[in-house]
Structures are given as structure tokens and as C-alpha cells.
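Swiss-Prot lists 35, 80 with the feature Mg(2+) 4 binding site, giving sequence analysis as the kind of evidence. Positions annotated as Mg(2+) 3 binding site by Swiss-Prot: 35, 80, 230. Annotation comment: Swiss-Prot describes 50, 51, 129 as Mg(2+) 1 binding site. Swiss-Prot lists 51, 80 with the feature Mg(2+) 2 binding site. Taken from Swiss-Prot, the feature substrate binding site applies to 58, 278, 330. The ATP binding site annotation in Swiss-Prot covers 111, 128, 129, 153, 232. The Mg(2+) 5 binding site annotation in Swiss-Prot covers 233.
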């Protein structure tokens with residue numbers, strides 16, 4: 001079809017078959033020819049996760065370009081696989097829904113980001129589906145093989161160390177910076193912190209390296225069991241989910257909140273650290289010997305508290321229950 005110069009191709013003009021034909025370059029030869037994806041049989045257990053990214057809920061074109069959207073779609077799913085004991089990424093399928101007026105360049109950018117993330121973290125684009133819709137939506141299903149670690153939220157035990165694999169609040173700060181939020185304009189945020197925060201929001205890193213280190217430093221005679229989740233919905237929610245599943249109390253040391261070295265002080269900044277969301281760090285409850293080995297092997301990890309017998313809740317070390325700041329808590333609905 002001939003196009004006038006400077007006129008963008010839109011999905012309505014291309015049609016489904018041409019869209020699928022253009023997406024072939026992101027997959028292995030023949031992968032898209034059939035309605036199913038053939039995966040070779042594995043003797044190991046499979047772990048599978050499905051996540052959605054919805055425009056104006058999980059991303060905005062004001063703050064996130066198409067490449068970043070594709071990257072983020074992969075990273076969110078692989079983060080969930082990592083906190084379930086991922087050994088190797090097999091691949092993903094992609095369900096795409098978008099208005100027919102969507103430019104092809106947007107779709108191409110998203111799949112470029114998807115491919116870049118898979119190239120870095122492993123796995124292939126196995127297939128998927130596309131449809132016309134009122135809102136841009138990506139639905140990703142990720143598949144991987146499970147390693148020897150049995151990571152379940154219900155595995156936390158009294159006496160465990162509560163550890164996270166990295167700092168929190170960066171993604172929320174990055175979003176604020178991209179939106180020119182008055183909060184971030186009222187304080188001198190160091191340039192290095194700005195760079196880290198914006199990258200954390202636009203190109204999150206699933207905690208695969210942290211998981212691999214956790215695996216390597218397990219004491220020899222210790223069982224392969226630990227409690228873990230990721231902090232995609234915020235650090236506090238991650239801690240509370242471990243408490244609920246394990247029926248334990250988490251005692252958190254306020255002085256040990258996992259913050260970037262240049263993180264400002266103040267209640268708002270503590271709230272972002274606790275509840276900003278989309279940090280994608282491992283939050284793990286580990287027996288003391290294993291915890292100490294992981295802390296030594298990976299300097300970016302931080303012990304933020306202990307688990308003890310008691311009701312399923314998170315509390316400060318002074319005995320006060322950690323209260324949620326509802327205006328900052330990350331919610332899907």
C-alpha cells in the first residue's frame with residue numbers, strides 16, 4: 001500500500017496478517033506459523049507466570065517509550081519467576097491489544113524492547129496473539145525451569161533474617177521525576193540518584209543475579225527451603241505477604257530500611273521506600289547462617305529485620321505496627 005510521505009502506518013491499515021508477518025523477525029523461524037508453541041519436554045519442573053501491563057495503570061507514554069514498555073513487560077514476569085526459584089528462562093508469549101489507530105512504530109518499539117530484555121536475561125519469544133481494543137494492553141506469559149531452591153512465601157520461620165536484594169523507592173522516585181512532580185522539585189536530588197531512579201522505572205532489572213548468588217551461598221547441609229517474594233507491589237506489601245503466608249510477625253528496623261546512598265530523609269521518602277512499588281527486588285526470609293553468607297556474598301543486599309512468632313503483621317523494632325500510607329501505596333485497582 002502506498003503511503004503519503006510522513007504519514008504513519010497504523011494497525012487498522014496493516015491488518016492482522018501483515019502485523020503477524022512483521023512480528024516474525026522477533027521469533028525463531030517458523031515459530032509463528034501455527035496456533036501453538038512447541039516446547040521440548042523438560043525433566044525439570046516448569047514454573048509459569050502471567051502478568052499484564054495496562055496503559056495508564058502500569059505505564060504511560062508520558063513517562064515510558066515503547067521500547068521501555070516492552071522491556072518492562074518482560075522484566076515484571078521474570079521477576080516473578082526469579083522469586084519462585086527460576087533456573088533457566090524458556091521464553092514468553094505475548095498477548096497484545098491496542099486501538100486500530102495505533103501506529104505500527106509503537107508496536108515495533110514494544111517488541112524491540114521485548115527482544116532486548118530476552119537477549120539479556122534469556123529465553124525466546126514463543127508466540128502470542130493480537131487484537132483490536134480500546135486500550136493498549138500487554139499480557140505476558142513467561143515459562144522457565146525451576147532449580148533446586150524451594151522458594152515459597154509460607155517458608156518463613158521465627159528467627160529468620162529478613163533480607164532484601166537492593167534499595168527501594170527508586171522506581172517511584174523515577175516516576176516522580178519524569179512527571180516533574182513538585183515534591184522532587186522542592187529538594188535537590190543528586191544527579192546520580194536521578195539517573196538510577198529513572199532507569200529503575202523505565203528499565204527494571206529482575207533479580208536473577210541475586211537469586212543465583214542466593215543459590216550458590218547456601219550452607220551445604222541446609223535444606224533448599226526459604227521464603228521469598230518480589231517487591232513489585234512495594235516493600236511493605238512484600239513483607240506482609242510473607243507474614244500472612246507463614247503466620248509470623250516481621251520486626252523491621254527503621255534504621256535499616258533499604259535506601260539508595262543518596263536517598264533524602266523525611267516521611268515522604270520513607271513512604272516511597274516502603275510502598276512506592278515496582279522495585280522488583282527479592283525480599284527473602286532466611287535462616288541466620290544462610291542469611292549471613294548471602295549478605296557477605298552480595299554487598300547490595302541488606303538485612304532489614306527478623307521474623308518472630310506472633311500474628312501475621314509487620315512491626316517496627318520499637319513495637320509499633322507499621323502503618324500504610326494510603327496515598328502512596330501501589331495498587332492495581
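Every residue, even glycine, has its Cβ placed from backbone N, Cα and C.
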Key: Cα within 10 Å of residue 80 (Mg(2+) 4 binding site) - qualifying binding-site residues among 50, 51, 128, 232, 278   = 50, 51, 232
Remark   = In all the protein chains shown, the tally of other Cβ atoms within 10 Å of the Cβ of residue 128 (ATP binding site) is 21
Request  = Measure between the Cα atoms of every pair in 111, 128, 129, 153, 232, the residues the record assigns to ATP, and report the largest value in Å, rounded to a whole number.
outcome  = 33
Ask   = Within 10 angstroms of the C-beta of residue 51 (Mg(2+) 1 binding site), what count of other C-beta atoms is obtained when all protein chains are considered?
value = 20
Remark   = Of the binding-site residues 111, 129, 278, within 10 Å of residue 233 (Mg(2+) 5 binding site) (CA to CA), in sequence order, we find 278
Note = Checking the binding-site residues 230, 233, 278 for other Cβ atoms within 10 Å of each Cβ, the smallest tally belongs to 233
Task = Kindly assign residue 128 (ATP binding site) to one of the three DSSP-derived states: helix, strand or coil.
result = strand
Remark   = Those same-chain residues, other than 50, 51, 129, found with Cβ within 8 Å of the centroid of the Mg(2+) 1-site Cβ atoms are 52, 93, 94, 95, 138, 139, 140, 141
Inquiry  = Using a 10 Å radius around each Cβ and all protein chains in view, which of these binding-site residues has the most neighbours: 80, 129?
reply    = 80
Ask   = So of all those binding-site residues, 51, 58, 230, 278, which one's Cα sits nearest to residue 128 (ATP binding site)?
value = 51
Remark   = Cα nearest residue 278 (substrate binding site) among binding-site residues (51, 111, 129) -> 51
Remark   = Comparing the Cα of residue 58 (substrate binding site) with the Cα atoms of the binding-site residues 50, 111, 232, the shortest distance belongs to 232
Query = residue 51 (Mg(2+) 1 binding site): which of the binding-site residues 111, 153, 230, 232 is the nearest Cα neighbour?
reply = 232
